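Asks: In case it's useful when we look at the structure, here is the feature table from TrEMBL:
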- 5-97: domain 'Disease resistance N-terminal' (DOMAIN)
- 28-55: coiled coil (COILED)
- 182-236: domain 'NB-ARC' (DOMAIN)
- 239-297: domain 'NB-ARC' (DOMAIN)
- 380-448: domain 'Disease resistance protein winged helix' (DOMAIN)
- 642-769: domain 'R13L1/DRL21-like LRR repeat region' (DOMAIN)
Amino acid sequence: MAELVLSAFLQVLFDRLASHELLNFARREGLERKLDRLKKTLLTIEAVLRDAEDKQLTDRGVKMWLDDLRDLAYDAEDILDEFATDALARRLKTNRQRASCSKLQSLLVPSSVSRWSPSTVKLNVSMGSKIKDVTARLEEISNRKTQLGLQNIGGGTSSGSTLGWQRSPTTCLPTEPVYGRDDDKKNVIDLLLRDEAGGANFRVVSIVGMGGLGKTTLARLVYNDGAVQGFDSKAWYGLWEALKSPFAAGAPGSRIIVTTREAKVAQLMGPIEYYELKPLSNDDCWFVFVKHAFEDRDIAAYSHLETIRDKTVAKCRGLPLAARTLGGLLRCKLREEWEDILDSKIWNISDKESDILPVLRLSYFHLPSHLKRCFAYCAIFPKDYEFKEEELVFLWMAEGLIWQNEGNKQMEELGGEYFRELLSRSIFQASSSHGGSFVMHDLVNDLAQSVAGEICFHLEDDLRTTNPPKICRRARHSSYIGGDYDGITKFEAFQEVKSLRTFLPLPANEYYLDGYITFDIFNLLPKLPKLRVLSFSGYRNIAELPDSIGDLKHLRYFNLSKTKVRSLPETTSSLYNLQSLLLRGCDRFRKFPTKMGNWINLRHLDITGVYSLTEMPVEIKELKSLRTLSDFVLDKNKGSRIKELMNFKFLRGELCISNLENVTDAQDAREANLNEKKDLDGVVLKWSSVFDDSRKAKIEKDVLRMLRPHQNLKKLSIISYGGNGFPSWLGDPSFSSIKFLQLQNCRNCTCLPPLGQLSSLKELVIKKMIGVKSIGTE
C-alpha cells in the first residue's frame with residue numbers, strides 16, 4: 001500500500017502539459033511533438049490506475065509496478081518543472097532587457113534573439129533528451145500493464161465522493177470530549193493516590209492496552225483532574241528513560257503514569273501498579289461513532305441505522321480511534337455507500353498481513369485523491385510531532401500538492417480546506433498540550449508511513465551505533481530532529497539521494513531548533529538539485545550562504561529563521577519559483593539580492609524580528625503575489641517608499657510599517673491604499689522612539705490620517721506617533737471588528753480617541769501616553 005494515489009499525481013502532470021505558457025514555449029523551441037508523445041503515454045497508464053490500485057492489495061507485482069510508476073512520475077514532474085522554470089526565466093530576462101532599452105530599441109531588438117544563443121540551443125537539446133528518456137521509461141512501464149492483466153475498468157479512481165451525505169462545513173475543531181472512560185479515570189486516580197509502604201521514592205502506574213484504545217487520552221484526563229492537584233509539581237513527558245533517573249532521587253510519594261501497548265514493557269519499569277484498559281462498551285462505541293458521523297444532526301430521521309448498528313460497532317472493535325475515524329468517513333458518503341464500505345474486502349486483511357487498523361486503511365482508501373497525497377506527505381513528521389496548520393499548508397504548496405486552477409481559490413485557502421477536511425476525519429487531531437497545534441495519533445502516523453513507503457523518510461539518530469543512517473535512493477522527502485550539534489555522520493545518508501525534494505530539520509520541542517551544524521552542509525547542496533523545501537532554521541552558526549543556493553531552480557520554501565545570516569547572495573535572484581521565504585528572528589540580516597523582483601511567485605515573506613534591516617529594496621514592488629509581508633521598513637533617502645504597498649493587494653495576516661517618521665509626503669501614505677487591504681487582520685504603525693527636531697508633527701498627523709486601514713481589521717497598534725492628535729477614523733463605529741488596540745508613547749497627544757465606539761474591543765493597551773489629559777467623547 002505504498003502508492004501515493006497516482007491518479008492525482010498524473011492529473012498534475014496533465015495540467016502542466018496543458019499550460020498555455022508551457023505549450024507556447026515548447027512550440028517555439030521545437031519540443032511540442034515530444035511533449036505530445038509523453039502525454040499520450042500518460043493517458044494509456046491513467047486508464048488502468050483504478051484496476052491497479054484495487055489489485056495492489058493482493059498482488060505484489062502490481063504494487064511494484066505502482067512503485068516504479070510513482071518514482072517515474074516524480075521524475076516527469078521534475079522535468080516539466082524545469083521546463084516551465086526555464087520559460088519563466090527567459091520571459092523575465094526579456095522583460096528586463098525591454099525595460100532597460102528605449103521604446104525604439106526594443107522594437108529593433110526582438111525578444112527571440114536569445115532563442116538562438118549557443119547556451120539556449122544546448123539547453124533545448126538537453127531538455128529534449130530528458131523528455132525523450134522519461135517518455136521511453138513510461139512506455140516500458142505501460143507495456144508491463146498487459147503482462148499484469150491490468151484493465152480499464154472505468155469509473156475513475158478509488159478516491160470516493162467528496163459531495164457526501166449532507167456534509168456539514170468543518171471548522172478548526174476543539175479538543176474533543178471523551179466518552180465511556182469515567183470509571184477508568186476514577187480507577188487510575190485511586191491507584192495514584194493509594195499509600196503503600198515500599199523502598200522506592202516513586203511508584204509507576206502503567207496503563208496498558210492495544211493501540212487506539214485511548215491510553216494517552218486517559219492519562220491526560222487523569223493529569224488534568226482536580227483530584228491529583230495535590231502533588232507539588234507535575235510534568236508531561238514523552239520518553240521514559242529520560243524521566244526515570246531523576247525520579248529515582250525524587251521525593252517520597254512521587255507517582256508516574258506510563259502508557260504502553262505491551263504488558264512486558266510495563267513490568268520493566270520498577271515498582272508498578274498495572275491497569276489494563278479495556279475496549280469501549282458497544283453503547284459507548286456507538287455513541288462516539290454517531291457524534292462523528294452526524295455531528296449535531298438528529299439521527300432519528302435515519303431509521304435504517306438500527307439495521308447496521310451491530311455491524312458498525314463490530315468494525316470498531318471497541319477502539320475510540322476506530323469509531324471516530326469510521327464516523328468521519330461515513331459522514332462523507334451517500335447513504336447507499338454505507339453498506340459498500342462496511343462490506344469492503346479491506347476489513348478482511350489479517351493482522352499478520354498488516355499492523356494497520358482496517359478502519360484507518362479504509363479511511364485512507366476513500367479519501368479524495370488530492371487528500372491522499374497531502375496525507376502521505378505527513379509521513380515526514382515523527383510520532384507525537386506537533387505542527388501548525390500554516391506550516392503544513394506552506395509545505396504542501398511547495399511540493400505541488402495544492403494545484404490552483406486559474407480563476408479558482410487561492411492556494412492558501414484551498415490548503416486550509418484540505419487541512420480542515422483531514423481534521424474532520426480524525427486524521428489530524430487538536431493538541432491537548434498546545435493551543436493552535438495539531439498532531440497525528442501514532443497509529444495514523446503508522447498509516448502515513450505505510451502509504452508513503454520509501455518516498456518519505458524520517459532520519460532517526462541511533463545512539464547505539466556510530467554508523468550513518470541510510471536512506472532509500474527513491475526517497476523524495478526527508479526530515480530529522482535537529483540536535484545541539486549535528487555533524488557529518490548524520491548527513492552522510494544524503495550523499496546518494498539525488499532526487500530529494502524536502503530537507504527539513506525539525507525542533508525537538510514545541511518551540512524551535514537551537515543548535516549548530518559542525519560540518520559544511522553547503523557541500524551537500526550541489527548533490528540535491530531537485531530541492532523544493534530547504535530549511536536551516538535554528539542553526540545559529542550559519543552566517544553566510546554560498547552562491548550555489550541560486551542553482552536550486554525548483555526551490556519554493558526556504559527557511560532561514562533564527563540563523564545569523566546577514567544577506568542573501570545575488571545568485572538567489574534566480575530562484576524564480578520561490579513561494580515562501582522565512583527569515584523570522586534573523587537579527588543580523590540586512591540585505592536582499594538587488595534583483596529580488598525576479599521572485600514573482602513569492603507569496604510569503606516573513607521578516608519578523610529582523611531588526612538590522614533599514615530599508616525595503618526598490619524591486620520589492622514587483623512581488624505582486626505577496627500574501628504575507630510581516631514588516632515594511634522605511635528609509636528617508638533609500639529603498640522603497642511607502643506608496644509601493646499599493647502593489648500588494650492580497651496581503652493577509654499582520655503588517656508592521658516601521659520608521660514612519662521617514663515619510664515626508666502624506667500623499668505617499670494615501671497611495672499605499674491600506675484601506676483596500678481587506679484581508680489584513682492586524683496592523684502596527686510605528687515611528688522612531690527618538691523625538692527630536694527632525695520630527696514634523698503636522699506631517700506625521702497627516703500620514704496617520706492617510707493610513708486608515710480596512711474596517712475588517714482586528715488588531716491595531718500605534719507606537720511613538722509624533723502628531724498632536726488622533727485622526728477621526730480611530731474610534732469610528734465602522735471599525736466594529738477591532739478586538740485589540742495599543743496606543744504607546746504617543747507623547748504629543750493630549751486626548752484619547754472615543755474608544756467606546758469600538759464595539760468589539762476586548763483588549764486595550766495604553767502605555768507611556770504622558771501627554772494625555774482627557775478621553776474622547778463616547
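Any Cβ shown, glycine's included, is placed from N, Cα and C.
Those TrEMBL annotations? Automatic predictions, nothing curated.
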Asks: Given the model, what does the mean pLDDT over the domain 'Disease resistance protein winged helix' (380-448) come out as?
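Replies: Value for the domain 'Disease resistance protein winged helix' (380-448), mean pLDDT as a whole number: 88.
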Asks: Quick one: DSSP breakdown of the domain 'Disease resistance protein winged helix' (380-448) into helix, strand and coil?
Replies: 32 helix, 5 strand, 32 coil
Asks: Using DSSP, how many residues in the domain 'Disease resistance N-terminal' (5-97) fall into helix, strand and coil?
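Replies: Per DSSP, the residues of the domain 'Disease resistance N-terminal' (5-97) fall into 82 helix, 0 strand, 11 coil.
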